[in-house]
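*Asks:* Summarising the annotation, TrEMBL assigns region 'Disordered' to 1-20. According to TrEMBL, the transmembrane segment annotation covers 58-79, 160-187, 208-227, 242-261, 300-322, 342-365. Among the features that TrEMBL reports, domain 'ABC transmembrane type-1' is placed at 160-365.
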Amino acid sequence: MSNKQNTQNTQNTQNTQNAQNAQQNIINTQKMSSNQSAANLRIIGKISDFLVFIGKRAASAILVLTLIVVVLFLIFFMLPANPAQLACGKPCTPERLARVSAFMGTDAPWYEQLGNYIRGIFFGREFTDSSGATIVCAGPCLGWSFTLNEPVTNLIMSRFVVTASLATGAAVLWLTVGVATGVISAAKEGSFIDRALRALSSVGISSPAYLIGMLAILAFAVYFPIFPTGGYVSFAESPLDWLQHLLLPWLVLALLNAAYYTRLTRAHMLDELQQDYMRTALAKGMPRSKAVTRHAMPNAMLPVLTMFGLDLGGLLGGAVITERVFSMQGLGSLLLDSVKNLDLQVLVGVTLFAAALVIVANLVVDVCYRFVDPRAAVC
């Protein structure tokens with residue numbers, strides 16, 4: 001009887017323990033599910049915050065771009081000089097002036113002209129030539145070049161390939177060289193290397209772009225014919241010729257801009273190296289090189305990132321001097337030709353396109369800031 005009672009007690013104890021284990025498993029499962037749900041909610045919250053951040057920045061960019069369109073239009077088309085008169089050239093008979101005015105739409109009220117221009121950017125517009133035929137300018141339409149008889153958008157896109165090739169290659173070079181030399185100069189503060197790099201950066205900053213370009217052509221294309229004197233070959237036509245024609249302009253642009261980035265990087269690196277967190281890291285025994293690359297460099301790169309985005313956006317809008325020196329038909333050359341020919345449609349289109357590139361570059365920098373420094377989300 002006693003054995004049977006003991007067996008029953010043991011069985012009851014096991015059942016109780018099994019019930020407790022099952023209950024604990026249920027609790028653990030609920031905790032895991034709760035933790036997973038909380039993690040999912042945090043991820044969703046971060047994504048939604050990021051999308052709100054992007055939306056605010058994009059709305060701000062669109063607003064700024066709209067204001068730029070209005071200001072540019074009022075500056076260039078509401079001047080005392082008649083844009084149609086400028087496009088008509090000399091001599092210009094009254095009949096021809098009337099046809100040019102009708103073609104450009106300058107005979108309409110200014111608010112109607114502005115509305116047509118903005119609507120054309122999004123949906124395209126139509127022009128009527130001197131023979132009465134209708135010319136369709138598909139959106140985005142930045143106007144019609146009366147001088148070249150071609151949509152401004154087509155002119156910009158055909159030249160943008162040249163400028164983009166020039167700007168991106170040079171930007172990679174100057175960012176790499178400028179940041180590297182700036183970090184080295186700051187890490188070796190007061191040494192011979194620091195003084196030499198500062199002297200070289202001073203020479204680069206004070207040297208005019210056209211002078212460096214002409215000297216580079218004279219040295220490496222005339223006396224030592226390593227590179228062509230200028231021009232541009234598309235990548236699709238010949239990748240090797242494309243690289244050969246662009247390498248010298250890349251080096252010239254990189255040399256000039258790397259000097260600024262050396263000074264900028266050095267100044268911010270020195271500031272970060274004097275911060276308390278650097279002294280703490282070194283006091284804990286962290287090697288100086290590791291402390292510099294892990295802690296000082298990421299913080300010092302924030303202003304460099306801002307400057308790089310603005311510089312690249314501006315350069316994509318047209319490297320006027322470099323393109324002219326190296327005979328490259330990019331946006332800079334198109335801008336100069338439009339000024340010389342008094343082609344206001346092209347002038348406004350290129351200016352607006354360059355402004356849009358700067359705004360987009362600024363938007364990209366803001367997004368990169370969000371990843372590099374989450375504190376930027378507060379603003």
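Backbone N, Cα and C define each Cβ position, glycine as well.
Curation does not apply to TrEMBL; its annotations are automatic.
How buried are the listed features, and what sits near them?
*Replies:* Within the chain carrying the transmembrane segment (58-79), a Cβ under 8 angstroms from the stretch's Cβ atoms is held by residues 106, 110, 113-114, 117-118, 121, 344, 347-348, 351-352, 355-356, 359-360, 362-363, all 6 or more beyond its ends.
Counting same-chain residues at least six beyond the ends of the transmembrane segment (160-187), those with a Cβ under 8 angstroms from any Cβ of the stretch are 193-194, 197-198, 201, 232, 234-235, 242, 246, 249-251, 253-266, 269-270, 273, 288, 292, 297, 300-301, 304, 308, 311-312, 315-319, 322-323, 328-332, 353.
Under 8 Å from some Cβ of the transmembrane segment (300-322) lie the Cβ atoms of residues 160, 163-164, 166-168, 170-171, 175, 179, 183, 209-210, 213, 249, 252-253, 257, 260-261, 264-265, 268-269, 271-272, 328, 330-336, 350, 353-355, 357-362, 364-365, 368-369, 372-373, all in the same chain and six or more residues away from its ends.
Here the transmembrane segment (342-365) has Cβ contacts under 8 Å with residues 57-58, 61, 64-65, 68-69, 72-73, 76-77, 83, 86-87, 89, 104, 142-148, 152-153, 155-156, 160, 305-306, 308-310, 312-314, 316-318, 331, 334-335 of the same chain, all six or more residues outside its ends.
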*Asks:* Six or more residues beyond either end and a Cβ under 8 Å away: which residues meet both conditions relative to the transmembrane segment (242-261)?
*Replies:* 165-167, 169-171, 173-175, 177-179, 181-182, 200-205, 207, 209, 212-213, 216-217, 220-221, 227-228, 230-235, 304, 307-308, 311, 315, 319, 322, 325-326, 328
